[in-house]
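What Swiss-Prot annotates here:
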{"type": "SIGNAL", "residues": "1-25", "note": "signal peptide"}
{"type": "REGION", "residues": "26-187", "note": "region 'First lumenal domain'"}
{"type": "TOPO_DOM", "residues": "26-374", "note": "topological domain 'Lumenal'"}
{"type": "CARBOHYD", "residues": "34", "note": "N-linked glycosylation site"}
{"type": "CARBOHYD", "residues": "59", "note": "N-linked glycosylation site"}
{"type": "CARBOHYD", "residues": "72", "note": "N-linked glycosylation site"}
{"type": "CARBOHYD", "residues": "103", "note": "N-linked glycosylation site"}
{"type": "CARBOHYD", "residues": "117", "note": "N-linked glycosylation site"}
{"type": "CARBOHYD", "residues": "146", "note": "N-linked glycosylation site"}
{"type": "CARBOHYD", "residues": "161", "note": "N-linked glycosylation site"}
{"type": "REGION", "residues": "188-219", "note": "region 'Hinge'"}
{"type": "COMPBIAS", "residues": "194-207", "note": "compositional bias 'Pro residues'"}
{"type": "CARBOHYD", "residues": "220", "note": "N-linked glycosylation site"}
{"type": "REGION", "residues": "220-374", "note": "region 'Second lumenal domain'"}
{"type": "CARBOHYD", "residues": "241", "note": "N-linked glycosylation site"}
{"type": "CARBOHYD", "residues": "253", "note": "N-linked glycosylation site"}
{"type": "CARBOHYD", "residues": "299", "note": "N-linked glycosylation site"}
{"type": "CARBOHYD", "residues": "314", "note": "N-linked glycosylation site"}
{"type": "TRANSMEM", "residues": "375-398", "note": "transmembrane segment"}
{"type": "TOPO_DOM", "residues": "399-409", "note": "topological domain 'Cytoplasmic'"}
């Protein structure tokens, strides 16, 4: 792997089934003109893209290959300037760029940019477009100065019609030595969830919520169709100043729903006695024809809360993505982190926003969790079949040799 001033790669140890599901991890190093490392990154990455073909939109998932290299366009920044960058190239004209910035106490990946070459017919067969397309997004990757950003859990960065998933990541910029710091700043996904002291009569966790079919209609017909079970996971401070985490199922039998529609915005609103408002806001990106959940708003009455209620809002999500006209489906439980104190747990999701034909769902786009759950048994089955074949061949060869040893006299 080439890098300014040189770069190194660590030996790779691939496990049989892990190698079948996820790509290999690699160490990427950027050095300054004196040969001193200023950026080090060690992670594996998966890219999930949607591109247009003559027969319609097509999803493509691929890994960052072991042969990926650090580009000479990577930079440590000029003198003590805060901006520096790691540019990774792979395949036929694909690049992943991490742009860093810092202040006196912390540094972060301010921007992640992915440029992919639609002329690469091996990666994007039957693409109706050619040339390089570039997407970018801010990230939550940040750490204290002189500490390594560490995240064993998956970290997803959504960029228009591309989702980049990093795994087992160790990243450090503005290095004080040529190695990762032993001190780490862990990502929020790796931190233990808040726990509460044992209570005399703890509230049991609720069972999976009931699945219900919701719909929202406007002047042009149905704009949102959803079948799902919803569960609220909230962390709050009680009147006794103890912090607790509780889960609440949304009971369809005690909930009313409504919403509104526009050309590029569809909102589902749920109300009940304690659930003053749960709003899910879906948007359509007209340039990419991608539909996704962008906003979640919660207003919940909690009698034992110190504030008497709980509120949370996030209007910058990019979840539950699908192509306009298609439906999104996920049988696996999904935990959507809305804020640090609120997660929306979703069960057996099947939904479609925009271009809904009456009360029927369009062509299905499966979620990544469902696709991964199918890959593992296929990989295990293939390995077992290969093992059985080897044993059978060994048996037949041994039997043939034993017969050859008994010749008629």
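The backbone N, Cα and C atoms fix where each Cβ goes, glycine too.
Positions of Swiss-Prot features highlighted on the structure.
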residue	record	Cβ contacts under 8 Å, 6 or more apart
59	N-linked glycosylation site	48, 49, 50, 365
117	N-linked glycosylation site	91, 92, 93, 94, 123, 124, 131, 132
146	N-linked glycosylation site	174, 176, 181, 183
161	N-linked glycosylation site	49, 50, 51, 135, 285, 288, 290, 321
220	N-linked glycosylation site	261
241	N-linked glycosylation site	306
299	N-linked glycosylation site	275, 276, 277, 278, 309, 310, 311
Could you tell me the C-alpha distance between residue 314 (N-linked glycosylation site) and residue 72 (N-linked glycosylation site) in angstrom, no decimals? 38
For residue 34 (N-linked glycosylation site), just count the other CB atoms lying within 10 A of its CB, please. 8
Neighbour count, 10 Å Cβ-Cβ cut-off, for residue 314 (N-linked glycosylation site): what number do you get? 17
Rounded Cα separation (Å) that holds between residue 253 (N-linked glycosylation site) and residue 103 (N-linked glycosylation site): 52
Is it possible to get the count of other C-beta atoms within 10 angstroms of the C-beta of residue 103 (N-linked glycosylation site)? 9
What's the number of neighbouring CB atoms sitting within 10 A of the CB on residue 253 (N-linked glycosylation site)? 7
Residue 34 (N-linked glycosylation site) and residue 72 (N-linked glycosylation site), distance between Cα atoms, whole Å: 15
What is the total of other Cβ atoms whose distance to the Cβ of residue 72 (N-linked glycosylation site) is within 10 Å? 11
Restricting to the topological domain 'Lumenal' (26-374), report the mean pLDDT as a whole number. 91
Using the alpha carbons only, what distance in Å do you get between residue 34 (N-linked glycosylation site) and residue 103 (N-linked glycosylation site) once rounded? 24
